[in-house]
Amino acid sequence: MKDVQRPRCARKTPFDSFAFKRPHGRTLASGTALAGALGLLLIPAASQAAWEPTKSVEFVVPAGTGGGADQMARMIQGIIQKNNLMGQPIVVINKSGGAGAEGFLDVKSSNRNPHKIIITLSNLFTTPLATGVPFSWKDMTPVAMLALDNFVLWVNSEAPQKSPKEFVEAAKEGGANRFKMGGTGSKQEDQIITAAIEQSAGVTFTYVPYKGGGDVAAQLVGNHINASVNNPIEAVSQWRAGALRPLCVFDKERIPLKEPVVDNKSWNSIPTCKESGLDVEYTMLRGIFMGPGVTPDQVAYYVDLFKKVRETEEWKDFMAKGAFNVSFKTGDEFKTWLTAAETQHKTLMDKAGFTKQ
Amino acid sequence: MPEREGNLEALGSLIQGFGVLADPMNIAYMFIGITLGVLIGVLPGLGGANGVAILLPLTFSMSPTSAIIMLSCIYWGALFGGAITSVLFNIPGEPWSVATTFDGHPMAQKGHAGEALTAAFTSSFFGAFVAVLLITFLAPVIAGFALRFGPAEFFAVQLLTFCSFVGMGSESPFKVLCAMMLGFALAAVGLDSVTGELRMTFGSVELLRGFDFLIAVIGLFGIGEILLTMEEGLAFKGKAAKINAKVVWETWKSLPRYWVTAIRGSIVGCWMGITPGGATPASFMSYGLAKRFSKNRQNFGNGEMEGVVAPETAAHAAGTSALLPMLTLGIPGSPTAAVLLGGLLIWGLQPGPLLFIEQKEFVWGLIASMYLGNIAGLIVVLTTVPVFASILRIPFSIIAPVIVVICAVGAYTVHNAFLDIVMMLVFGVVGYVFKKLSYPLAPLVLALVLGDMAESSFRQAMLVSQGDLAIFWSNPLVGSIVTLALVMLFWPVISALLRKRQSRQDGGTQVIPVK
């Protein structure tokens, strides 16, 4: 990144000396001159400014390319580059093996490495429970909650059901396993919500796992399944084209976006599932974690960075398009949320029999 | 659903689309994209999906139209470039060029590298052109077709790919079966997508991600080939290749002969791209069909040009038409389309039925760039044919280490994992042993790439039908595909029976076998 006007100062840390040794063995003096010109290196100076990355930062995505987490990570990468929010490049790396276990294990084992961050999806909680691979959020350092992804109950617009109540009744009348619920992956967020609906309404669905949210939405439009719990961004275009109908949103409150999406209906006009008698609440964490053993200084740097990302127009636009819940949490507040979310997942998965014995 | 657009209106919009392209910056992005794409295609491992994903964030400061033009041109370039190393070194640069190695590499060994490359590039272009015409004039009608594909239909298509490829061949059926079962076993390692549990990972972190098709292919074909060449005398067989610009013209003269294969390949490709099955299965299916129905079927595998035309037309047609379900339905038809889809969302465009109506400039700019991008791509790659063909003249002792390094880099970039390089070497030895014992590699590779998909489609279908196999004949679409697949599988038996009857009738009216 050519970034000339960058007189950001840093206290001399062990990493600074490392940075000066790296570029092709230049002497300190010429190195400093070049650093001034290119702005690639940090100029040590007496200042109270905190830690900064001294080499490129690895941004791990514990999911494949093209999915929701990957999109968000690459969006963030683009925002950071475009707005020069960081003096070093940030590189997105997908480590999707074993439902994301590969990525989490990588970060878990990156002790005291401040140049590696990871974006999470629900597999932070579900993968260790479903596969038995040993990791938990407590093995990493929580940085920030960026947003919460919403889930909406969708049916084909040709289906007669207009409310969650009618949907549950139809599923009951159809008999056990007659209604097919499509979702992304197995024993992950979509199936957990399905299980939660089953437990709360006393119905049973046949859950059919697909590879991605786009596939699920298209399968619902093609009437191969009866319902889905797609994220807003995955299904909005089909809603606007009149092919799908939203029944309720699984967040605690309605989505606050009041701009009309289609026929004077906005995201806000979709009732919550709870208010329409289906007592299920679920949102998915889009959060950032670092490896264990990093210093508070380093965490503070990333918290600050993501605050800046959140303030950009591009990010706000992205949040509105995807109808995200834009909560932002850090520190103890974030940890409290994580503890509660972990318990919620454990309870739901135990009840549904998804936990590996 | 969007209104059907008249063809005239489509033409008008297309002309406007070319207007968007008239911006010199967009033309520049196009050529940058094509060149980068060819490079990405040449390097095994660094596939189109990775290449596009890496460059995606760089495009945020461009207008969405320029950005998608550049990124899709990378994709076209990668589709073209994949054939280069397949032909020259038996190393498929991209998954969809595996089938190109079957005849492309033997051609190069016989000294016809130039012809093989020209045939590959020209048929790629032909396949893409058919697919773009389809997108231009039939987009709204055809998009709806993809919606009819549920799990049962997907499995039917995958079964058809297997059956069209496997039901024949001169190898012993036992060896074919062995190779295929090994492929299925390797494909099963890792996460079971239906139960969400781990299979055959034996507690190893490295095995979590399973055996990647690309790494297996780089090892089996690339490293295996080098081992064989080392045994046979440390020299490339194809170094007597004619190298001059005329080779392009001469090859073009002989290509119209294969029009049936090219059209069949394009149809298979478009169909597989739209449904969406992907470019790799399309290329295998097209090769299998060509081998079955060609007059020259005996020569397939020994350097038959038709065996290059078939997979290349299908792969490029599928790669191009895969963008259609992405744009109109938001379902990515290939891994690269999945990344482009992410890009669209990031740029604030909502793929779906309304994109063609609300974002006319963008959509038609993209479609126009498909025309120009493919023409530009063809020019770029054809002018380089003599250059690439002359690589074979470099002494083996110099080029072989370079190839091994490129293979290793390629294997590493797939997942950024060192163990993958080791796996690549192991696969190299397996490939060598297979060749020595004359076991076929193709069924192994096919099972590895399709095993996963076929398994999950089958199990999804079984979930939907509650375990009832009748779902595969539950509607005319799925029923006819499955039946066709089974006919293909048992074709040797069926044709033998037909021949028997024919000889018994002796002299009577001839029985013409129906396919």
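Cβ coordinates are placed from backbone N, Cα and C, and glycine is handled just like the others.
No curator has checked TrEMBL annotations; they are predicted automatically.
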Which one of B:27-56, B:417-446 shows up in TrEMBL as transmembrane segment?
B:27-56
Quick test of your reading of TrEMBL: among B:263-284, B:285-306, B:329-350, where does it put transmembrane segment?
B:329-350
I'm checking region-level scores; what's the whole-number mean pLDDT for the domain 'DUF112' (B:27-446)?
86
Check for me, if you would, whether the transmembrane segment (B:211-230) reaches the transmembrane segment (B:478-498) - at least 3 Cβ pairs under 8 Å, residues 6 or more apart in sequence.
no
Check the transmembrane segment (B:362-382) against each of B:68-89, B:125-147, B:329-350 and return whichever range has the most CB pairs under 8 Å.
B:68-89
I'm a bit unsure how to read this: which one of B:125-147, B:174-191, B:394-411, B:478-498 has the highest number of Cβ pairs shorter than 8 Å with the transmembrane segment (B:27-56)?
B:394-411
Per Cβ pairs under 8 Å, the stretch of B:174-191, B:329-350, B:394-411 packing most closely against the transmembrane segment (B:68-89):
B:329-350
What residues elsewhere in the chain lie close to the transmembrane segment (B:174-191), defined as a C-beta under 8 angstroms and at least 6 residues from its ends?
166, 197-201, 207-211, 216, 434, 438-449, 451-452, 455
Do any residues, 6 or more residues outside the transmembrane segment (B:125-147), come within under 8 Å Cβ-to-Cβ of it, and if so which ones?
1-5, 7, 10, 14, 76, 79, 262-263, 265-266, 269-270, 273-276, 312-321, 323-325, 327-329, 331, 353, 356, 367, 370-371, 374-375, 377-378
Determine which residues of the chain contact the transmembrane segment (B:394-411) at the Cβ level, with the cut-off under 8 Å and only residues 6 or more beyond its ends counted.
43-46, 89, 91, 214-215, 218-219, 222-223, 226, 229-230, 234-236, 420-421, 423-424
